[in-house]
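According to TrEMBL, the features are:
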- 1-120: region 'Disordered' (REGION)
- 29-53: compositional bias 'Basic residues' (COMPBIAS)
- 60-70: compositional bias 'Basic residues' (COMPBIAS)
- 84-108: compositional bias 'Basic residues' (COMPBIAS)
- 163-341: domain 'ABC transmembrane type-1' (DOMAIN)
- 167-187: transmembrane segment (TRANSMEM)
- 194-218: transmembrane segment (TRANSMEM)
- 224-241: transmembrane segment (TRANSMEM)
- 294-316: transmembrane segment (TRANSMEM)
- 322-343: transmembrane segment (TRANSMEM)
Amino acid sequence: MARPDRARRAAGRRGARADRGLRPPLPAARRRGRPPARLAARRRARGRHRRGRAALARHPGARHGRRPARRPVGPAGPRDAVRPRRRRAGRRHRRAQRRGHLPRARRRIPGDRPQPGGARRVTLAIPLAQVQLRDRSQGTCESRNGFCPDWIADNWDSYVDPAVRHALLVALAVLFGFAIAFGLALLAHRRRALVAPITAVTGVLYTIPSLAFFLVLLPVTGRGITTAVIALTAFTLLIIFRNIMLGLDNVPDEARDAAAGMGMTDRQVLWKVELPLAVPEIVAGLRVAATTSVGLAALAFFAGAGGLGGAIYADLTFKSNIVVAGGLCLLLAALFDALFVGIERLLTRWRRAVPA
């Protein structure tokens, strides 16, 4: 039986060789392309499943793809409720949570556990209330830190007492300073050798920093209006003394000679001739001393004397407060200047007299 089969196969090979030249050539085999993405994914999944089954075959007791439990599950207590297990988030969901695209679940706060009777501690009440108040005040003028006329009108009464106290400090300082400087000027006018020492002493007092002067006087006089008045008076001495001496020295010699020719004494010449002619220079010194004291009195707050300095330093970051308190200081300076200008015009009517 083997020989006829061999003969039959040999005859077939001979016929194939004979017909090789007559048959058309077969097309070349094409190279298999890459499978589609879905098929590739299925193949990878099949590979993973096969590897998992192989691992289970090697280790029959192991469970592929499961993590060990974090804690043993015991019977539910009276306070704990058995919650159904939620489905774990997929890989894409976890990535989106890391990037901030999806909201995370609210984490439990240690003190926010259920209490017996259904009560729950409210641990976020105060922060939430603060956030709500902040959100409500975002649109107000105070929150924008701008110029708020409504706020100024509502709080105007709180600036009246500091302004009055500020004006009182300046008035007392100028009054005491004028009294001391006037006496020193009259003494130096008769004894010219005292001009240089008095000028030097008052100059040293004027060069002391105002805040340091207040702090030096605190152990001696204590906190209060006395410390502020002493320091402000010392700052006015140099200005007023020099202007009084300048006014007396600028009196014309002809006026003195005419007064002496009329039979006036030296005291009469001083009070009726020299001082009236020196009024413009004296008032100019008072104007400078008053406006300077208005600015320095703002620092009297550190000596416990109050004034507008307390209102300014109460809220340095609020613009409306700075505008009101600073504007009142400027207004006081302008009022004192206008007051002394009016006094000068009343005392120097002879300067406006028109010769006939």
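Each residue, glycine too, has its Cβ placed from N, Cα and C.
Counting same-chain residues at least six beyond the ends of the transmembrane segment (224-241), those with a Cβ under 8 angstroms from any Cβ of the stretch are 168-170, 172-174, 176-178, 180-182, 184-185, 198-199, 202-203, 205-206, 208, 210, 213-214, 217-218, 282, 285-286, 288-289, 292-293, 296-297, 300, 303-307. Same-chain neighbours of the transmembrane segment (322-343): 147, 152, 156, 159, 162-163, 166-167, 170, 174, 283, 286-287, 290-291, 294-295, 298, 308, 311-312, 316, counting only residues six or more beyond its ends whose CB sits under 8 Å from a CB of the stretch.
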